[in-house]
Amino acid sequence: MDFLSKHTTCLSNLELNLAPGWQTVSAYFLLAAGSLFVASRALTFVRVLLSLFVLPGKSLRSFGPKGSWAVVTGASDGLGKEFSLQLARAGFNIVLVSRTASKLTTLSDEITSKYASVQTKTLAMDFARNEDSDYEKLKALVDELDVAILVNNVGKSHDIPTPFALTSQEEMTDIITINCMGTLRATQLIVPGMMQRKRGLILTMGSFGGLLPTPLLATYSGSKAFLQQWSTALGSELEEHGITVELVQAYLITSAMSKIRRASATIPDPRSFVKSVLSKIGRNGGSPSYAYSSSPYWSHGLMAYFLTCIAGTMGKFVTSKNRGMHESIRKRALRKAEREKAKKST
């Protein structure tokens, strides 16, 4: 009761002209509201822990029978390659879509040598060109297939962190064309078949850059924020048709895009990351505030929960820290470029 007395005294000091009885009622109300707030945050955190470490996701087989197909864009390297290999291991035939034909052939051979019963098809297309003829080829390829899973992995970031005013028009256009138009056009070709079959899974690779305003990666950050909103809206539209839509929120992963080679607790390799994604379909992980989204890798999930539920994504402090980190990365990249330029000139 000492706690309640202090709140009653506080209300008196605020000079709200409340009668003593109403001061007590108000104090009880504030205490109850605060307790509910703390309890709700605690329950949310428990849900996050259960989602990340205990509860399984949906079975991949619920999206299509044996002999059905998975389409993976940006398939030849990094996450795309790993998605292709792990989905093939799960028994899905694979359509590999990426820019470089030779890499697609190499990956196709690797898949069929490891999994003899799995079929593959390949399509070399440059999403940056946004050519109608390429999408017509993709449509002709998938229309004859039972596509159960689409992995929208194709993407591009800035070569190095760069202020928006200094970003080249070519890089800016490529990022928007590949990340946004490429994802939308590929999805629009495949969704009708899934709707007809009343099942399917659409995974789109998101980024913490879409959660956090990211200075020096402004165009990339904006493209991922767009995908966040688009994927959430699409998930609501397609849910009644039996199609699961999920945007995967990811922090850094060892890859050519991130230019990070050494894995750590917070930066997994593609194999570990993809395994977590495919084993946690339908679970929000560390993203309970975002419908049709997930942060399934354990450390990414904990970071996403902290940033979205505790720190807040739009706070000036968080944005400032994010800017400082990318300014440091830019300085190191520019120094490295100067050293390489000096070596070539000698």
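Backbone N, Cα and C define each Cβ position, glycine as well.
As recorded in Swiss-Prot, the features of this protein are as follows:
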TRANSMEM  26-46  transmembrane segment
BINDING   VAL71, ASP126, ASP134, ASN153, TYR220, LYS224, ILE253, SER255  NADP(+) binding site
ACT_SITE  TYR220  active site, proton donor
ACT_SITE  LYS224  active site, lowers pKa of active site Tyr
Ask   = Taking the residues the record says bind NADP(+) (VAL71, ASP126, ASP134, ASN153, TYR220, LYS224, ILE253, SER255), how far apart in Å are the two Cα atoms that sit farthest from each other?
value = 29
Request  = Give the residue from the binding-site residues ASP126, ASP134 that has the most other Cβ atoms within 10 Å of its Cβ, counting over every protein chain displayed.
outcome  = ASP134
Request  = Would you mind pulling the DSSP three-state label for ASP126 (NADP(+) binding site)?
outcome  = coil
Neighbourhood of ASN153 (NADP(+) binding site), C-beta criterion under 8 angstroms, separation at least six = VAL72, THR73, GLY74, ALA75, LEU79, GLY80, PHE83, MET205
Inquiry  = My understanding is the cutoff is Cβ-Cβ under 8 Å with a sequence separation of 6 or more in the same chain; which residues meet that for TYR220 (NADP(+) binding site)?
reply    = LYS156, SER157, HIS158, ILE175, ASN179, SER207, GLY209, THR214
Request  = Check each residue in the chain of LYS224 (NADP(+) binding site) that is at least six apart in sequence and keep those whose C-beta is under 8 Å from its C-beta; list them in sequence order.
outcome  = ASN179, GLY206, SER207, GLY209, GLY210
Query = Which state, by DSSP, holds VAL71 (NADP(+) binding site): helix, strand or coil?
reply = strand
Task = Drop a 10 Å sphere on every Cβ of the binding-site residues VAL71, ILE253 and tell me which sphere holds the fewest other Cβ atoms.
result = ILE253
Task = Enter the number of other CB atoms within 10 angstroms of the CB of SER255 (NADP(+) binding site).
result = 19
